[in-house]
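A.B. asks: Pulled these features from TrEMBL for this protein:
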DOMAIN    34-394  domain 'Luciferase-like'
BINDING   Asp68, Thr105, Tyr159, Ser228, Ser229  FMN binding site
Amino acid sequence: MARRCVGLVRPGLDGRMILNAVVFGFGSHEAAWRLPGMSPTAPLELSHWIDCARQAEDAGFDGLFLGDILCLQDRPQDHPSEALDPFMVLAAVSGVTRRLKLIGTASTSFNHPWHLARRILSLQHLTEGRAGWNIVTSSYPQEAANFGWPDMPGTEDRYALAEEVVQAVRALWSGWDGVARIANQTSGHWLDTPPPLVEAEGRFGTIRGNVNLSPEPWGLPLLAQAGSSARGLEFAARHADQIFTVQSDMDEAVAFRTRARSLVAQAGRDPDSVAILPGVVPFVADTEEEAEAALASLTRHVSLAHAIPKLERFLGLSLSDLDLDAAVPFTPADLSDNRFSNSRAGILLMEANRNDLTLRQMLARFAAGRGHLLLVGTGDHIARTMRQWIAAGAADGFNVMPPVLPSGIGAVGEVLELVRAPDRTRR
């Protein structure tokens, strides 16, 4: 097998915890696009992504992480849901970065393994070994409809297909093992020997051939997996170098990381080779009051016409006729297998129940980060909380989700310095 060229996956309190910038369109907050001064078409412009990439590298992030879905969202007339292909974006910004891992999302449900193998390896070559693939199975029913499926399969079926696809992708990559690219112009030889045919079979069909690109000299791309479900975690334990998870309670995050490391060991891998990265949404300012005001400003711009249907889809529950200012009437026990994101929906409801949130407050919380850890305050406060999670064994680092882009990336630069240098943290 070609060497895995991942780097920065052994975390700890020595400053080597992983900190990725997760960039969604205008930012992680649903209302970021409506802020005064924000260009309403910024995420469709290359300059926006170049600015994000440069700021992420300058701020000291380890990676730039782009999510993706393959459909318009509900009520596209009320909210921007146009999106560029993440691997096209990452290829475009690769030339303005030198150090960042560039991690793009691609679905195993709607991509053929051969295309995935070459697309991701192409980015690996263009970045000189800095590419990553965030493996998702997709969940929106609109995605299924776009590809001619009658409905979205359940979690078990989606992960069964994902297993077949990832194994096929890795087989295509490893099909180049032992083959040297000699590129001898004098003798006229390109390879020292032709690669053997790769054979793989699954619900995607049958492969009998080779991907026409070797991983060498850069090795294999980093593999990430986003999900907190039991089935997703089992899958990640076999394949992922980084696990992106939704956690908002430190004790629950400790239990999740412990379970993940145990599954990694059961899969025959070194638990220290896999980083558990909860998402964190930071609202950082010079004072706590200013940070709270920034969050409140965004909350005022949330459109209920967009947010309520989106939360209904997320939970798989109807919110019609409910009093927005009454306590959330649901618990995780009310969730069925909604085929969307049961684990994340459960985490959001647990937080709402734990903090006695009203439905309106839960909508605001959902709009801010969809259940991810929300930190509001000064750089010192946010850095101290992140270090507490690391010290408690709740995380090996974080996927940082700036609420507004691109300005939010630079705003957390001081936080990153404080997280990695505890002796400099002001008391």
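Backbone N, Cα and C atoms are what each Cβ position is placed from, and that goes for glycine too.
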A.B. asks: Long-range neighbours only, meaning 6 or more apart in sequence with Cβ under 8 Å: which ones does Thr105 (FMN binding site) have?
C.D. replies: Leu66, Gly67, Asp68, Pro86, Trp133, Asn134, Val136, Ala226
A.B. asks: Tally every other Cβ atom lying within 10 Å of the Cβ atom of Asp68 (FMN binding site).
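C.D. replies: Step by step: centre on the Cβ of Asp68 (FMN binding site), count other Cβ atoms within 10 Å, giving 18.
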A.B. asks: Radius 10 Å, atoms counted are CB only; among the binding-site residues Ser228, Ser229, which position scores highest?
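C.D. replies: That would be Ser228, with the most Cβ atoms nearby.
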A.B. asks: Express in Å, rounded to the nearest integer, the largest CA to CA distance found among the FMN-binding residues Asp68, Thr105, Tyr159, Ser228, Ser229 named in the record.
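C.D. replies: Largest pairwise Cα separation, rounded: 19 Å.
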A.B. asks: Can you count the other CB atoms that lie within 10 A of the CB of Tyr159 (FMN binding site)?
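C.D. replies: By my count, 20.
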A.B. asks: Quick one: what's DSSP say for Thr105 (FMN binding site), helix, strand or coil?
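C.D. replies: DSSP call for Thr105 (FMN binding site): strand.
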